Structure formats: C-alpha cells, structure tokens
C-alpha cells in the first residue's frame, strides 16, 4: 500500500482595478488628515459630545441618533483622548492631549471605502468594469466628498453604510442559490440600521430599499414554482432582516448610549425628574433617600413636566407676612391620593397658592396665580386644589415623588395650574408666568407637575421649618427607570425639542445645491490665505445633472414605446436600466427632495448623499448610450473622445481646487480670486 501525496492548490482571484481604486481612495482621504491641527467647522459641534462621552456625562443631541457620535468616540477612545478640551470656536488650536489623527481617521476610512463600494455597486447593477472604474474615478476626484471625509464629521460614515446597504441587498436579490445569500440580506439590514443610527437622513435610503424589497417580495409571492412554505419563509426572513433587525439594533444603539452616559450633565433639565434621578449626581444626589409617598404636610418642590421653553419650578418670593399654619406630617403619614383636596403653602413666605377670576398679567385669557395675601378688599382666599394623577393605575392612586404626573385643578373655578410660556416683565424678575387655565383640554405637559425634592416636616416653627428644607432626607428609596422608559423619553425629546434656528452665514437652500451656487468655509489659517472650503468638483456636478436629464428622457421615451409593444432594447436591458434608475435616480431623489419640506438650517453637506447616487448615474447613462443608442463605430469613437475630454476636465477641476480641499499650499490673493468660478462663492481673502 502506497501513500500518495495529493497536491493542495489554492486559487485567489484579485481584481486589480478594485485594489487600485481602493489604494487611491485611501491616499486621497488619509493624506495629511492631521492638518490642520485646529478645530474645523462642525468639529466644534461633534467635539462637545465627544468630550461628554469620554467623561460619561449624559447629553441629548436632537439632530440625530447616538451611533454616529459613538463611532467618533471610538476613535477618541483608541487615541487615548481624556475629553479635556474646550470646544468653543472654529479654528481653535488643538492641545497636545487631543489625538487629532485618531479623531479623524474613522470618517476618513469610511470615505475611502465608499469608492470600492461604488465600484462593486455599479458591477452588481449589471454594468461593465469599465463603467465601474469610471464611477470610481469621478468619486475619487470629487472635492466635496474628500473634504467631508477628512475631518471629524459624519457624512462619509453615513454614505458608507448607505452604499453597503444597497450593495448587500442587490447581492442578496441576485444570488438565488448562493450559500451567502442570507448573509447579504442580514448585512443589508445591519447597514440600514447603522445608517439610520448615524443620521436620520439614512431613513430616506432605508425606505427606498424597503420599497424595492416589497416589489421583489410581491414577485416571490406570485412565483408558482415555489411551495407555500417556501414563500412564507421568504417573506418572514426578509421581514426579520429588513425590519425587525434594524429596530433591535436601533434600540441597541440607545442602550449602549445610556449605559455609557450614566453621569448627570448640562442637558439633564431637558429630561423628566425621573430620568434625572436615574443619573449619577445632579438630581439623584439631591433626592437620594426621599420618601416615596407624598403626604398631607409634606414639603415638596413642584416642577412642570414640560421643558418648554425652559424647565420651570413653582416659585414665590419671600415677603414679611407671617401666618400660623401646620407643616407637620402625622405619624404614620397620611398619603395624598388621586382626587384629594389640598392646599399648597410656600415654605419660605407662608403664602397659600391661590387663583381667582382675575386676568393673568401676560395671558389675559387665563387666571392670575399668586400667593394669597389678605388686603381686606373683599376677595376671599380661593386656595383649594384637587389632585389629578394623570398616570395613575387606580382611582385611589397615591401621589408618588418624582414618578407621578399630577394635574392641579382649582376647586372654585376648575382652572388648571399651568405654565403659560410667557415671561413676566422686570417686576416679575423675568420669570416664567404660571396661570390658571379654564379652557384646558387634553394632555398638555405645561399643565403637568411632578414632585422632585420631598421631605416630611416635623416642626411648627418657621425657622425650624426652613432648616428642615435644607436637611438631608431620612428614607432610602431607590428608583430606576427601565431602559425602554428612558429610551422612549429620550427619543421623544430628540424628535420634539428643537434648538432655536438661526440664520447661518453659510446656510443655503436645496435649490442652490443643484448647481453648487454655495460653499462653506471650513477653516482659515490665522496668518495666511491657507483655507479649507467645502466646494465640489464643478465638472462632476454639471455632468451629473446632465445624466439625470438624459436618463429621464430615455426612460420617458422607452416607457410609452414599450407599452405600444415597440421594443427598442431587449427586456433584460430594460430591467437593468429600470433597476439602475431605482437605485441611482431614486437614491438621489429620496436623499434630496425631502429637504424642501424641512424647516431647519440647511447646509451644502446635506446634499452629499444625494450627490453620491447622482454621480453613480453617470456611468449608467454613458454605457447605455454607447451600447444601445450609438450604432455606428464613428459615433462611438467620437463619444469616447468626448468622455476622455470630460475625464480630463474633471481632473483639472480637482487639481485646481485641491489647495482649498487639503488646506495647503497657501495661495496668493490673486490665485484665490482666480478660483472664484461663481460670484456666489465666498472665497476668503486675507487683507495684507
């Protein structure tokens, strides 16, 4: 018996074009990302959250979910950043403890890998490797995408996940019998979740993919070659991967976010008292050990559930009108329940909370609310209030510290104690106005109150009561919100709490983006003309607009003719063209048109995801024209010459704008003036 050595062979297939464009992308995006060693445009915005992550301090950013911030924080963590830097102005020099390269490398890598993803996406759409290479060349030399990739910004990360989601879904759709088919579907769902987790703009492409998946699923349902069981499995798996999985991951992003940020911070007051009490320090330190049940005689602070326009606590000012009263809690305490009638007495001024049928000073349609003083003007006190626990579980619910949301209804007039939203003038110390609203309807956070600080009073004497208000509490009651309760509150705040929008020097409208009539100055050297500008490759933008027009004309020409049974192109070519239109034209449309409906400050960088899909449309149109429209060799040769000329123009535009893309070398004022190709561009010229 002989032992025969079997040869072991390993075959590796390397796409040299793909390798070449990937290396080129890494060079153009990573080269010199440590320059400038100063805060560049929105780094001043993201950097604040970065420092809070490093210190585990809670914050809320209403502009988007936390996953993008966590990605940037990962770079900071790997670079050893301790969070100690004051992010107060653009152009501020980074101190030695700030790892500039680490902060910027993840967005740069994401921007770099968008190029090979674009290559693979064009190939997956059924177009040639030459067309895929053309798409990569255009994206490689797109100055705006380069600028946005080289700093601590999130657009490049968003675009990376959007392209990966689309590519993965197309591979799933086309890999009918491949063992990797379900892997690509899961990858698409994961990428969609990550895109949405970076910025809510990711929703646009996600809905586009869901629509495409719904059409494909409908075709699966109509496939008579599949058994009923297989159809059900197909539908279930697609639903789990593209709907359930992204939802779970989205919740996961917030779970990690809230786990990391467990300390009290500057944004606490936007959240409810219960949320604040769940954080380490801040309100939790003040309320630790408070009695849970509010009782007759309790000493409490009342805060509105609403945080608009700012958080508000029920407050009065001290005056010398002594009144004897009882602030003593019985033993055992007699709890206040839903429906009970109470009086509210200000502990320092000894005045009862009162309202009557007198117009409020700033809100004449509502009643005035004040601490009652008997001026002997035949106006008796009306200081009885009914406790209405809104989030009660039973009709005799006990009023709970922090947890209960309470509506205080005036017994005499049925007016509800609420925050009007107006501010009192100088005589009212500019504080927010509290009124009695007689036409109060439905659930309004401005009319909801909860107890924050709570103590059981033991003394009848004024001075001793004042000391009791400052003494530590005596009970140890632990309250922790569930993750879902914190998530829902945080999500609601993110969607409803908006910063005051103000006009920015570099804000723009969506109409200006199409023809790039605007730009953004990202950074200016303190002593020279060296600067970084968000300006796109004007040749790219022009031919991308042209490709959209040409595609629309082709589609509108083919569609009625095919309806009339005139087939200018084969069926598979038509389906290929339609799919490319859904991805490229559709990707541009869903990432652009919604901005016309948004009431927020917009900038040119909001257009970059749409621009990416629009550039991918260019090779699609070119290849279709070359193969299916231009018939003669002479026409194709002339068209090839035009394409070569356009590519040369793209390079010239990229090269000329490079000093504004990379911030170096510094140009003279004359050279900068020569680059102002549009009158609307704001190129900064330093006066000598």
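Just so you know, glycine gets a Cβ as well, placed from its N, Cα and C.
Bear in mind that TrEMBL entries carry predicted annotations, made automatically and left uncurated.
According to TrEMBL:
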{"type": "TRANSMEM", "residues": "12-32", "note": "transmembrane segment"}
{"type": "TRANSMEM", "residues": "67-87", "note": "transmembrane segment"}
{"type": "TRANSMEM", "residues": "99-122", "note": "transmembrane segment"}
{"type": "TRANSMEM", "residues": "151-170", "note": "transmembrane segment"}
{"type": "TRANSMEM", "residues": "182-198", "note": "transmembrane segment"}
{"type": "TRANSMEM", "residues": "204-221", "note": "transmembrane segment"}
{"type": "TRANSMEM", "residues": "233-256", "note": "transmembrane segment"}
{"type": "DOMAIN", "residues": "333-390", "note": "domain 'MIR'"}
{"type": "DOMAIN", "residues": "395-454", "note": "domain 'MIR'"}
{"type": "TRANSMEM", "residues": "538-556", "note": "transmembrane segment"}
{"type": "TRANSMEM", "residues": "577-598", "note": "transmembrane segment"}
{"type": "TRANSMEM", "residues": "604-626", "note": "transmembrane segment"}
{"type": "TRANSMEM", "residues": "638-657", "note": "transmembrane segment"}
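In summary, the transmembrane segment (151-170) lies against the transmembrane segment (204-221): three or more C-beta pairs, each 6 or more positions apart in sequence, are under 8 Å.
Long-range Cβ contacts of the transmembrane segment (12-32) within its own chain (Cβ-Cβ under 8 Å, at least 6 residues beyond either end) map to 105, 108-109, 111-116, 119-120, 129, 132-133, 136-137, 140, 146, 149-150, 156, 662, 664. The largest share of C-beta pairs under 8 angstroms with the transmembrane segment (233-256) comes from 182-198, of the ranges 182-198, 204-221, 577-598, 638-657. The stretches the transmembrane segment (538-556) and the transmembrane segment (67-87) are not in mutual contact, being linked by fewer than three Cβ pairs under 8 Å (pairs 6 or more apart in sequence). Within the chain, the transmembrane segment (638-657) has long-range Cβ neighbours (under 8 A, six or more residues past its boundaries) at 134, 137-138, 141-143, 535, 537-540, 543, 622, 625-626, 630, 675. Beyond the ends of the transmembrane segment (99-122), by six or more residues, the same chain brings 17-18, 21-22, 24-26, 28-30, 33-34, 37, 43, 47, 50, 71-72, 74-76, 78-81, 131-133, 135-136, 139-140, 145-146, 148-154, 156-157, 159-160, 163-164, 166-167, 170, 583, 612, 616, 619-620 to within a C-beta distance below 8 angstroms of the stretch. Here the domain 'MIR' (395-454) has a mean pLDDT of 84 out of 100.
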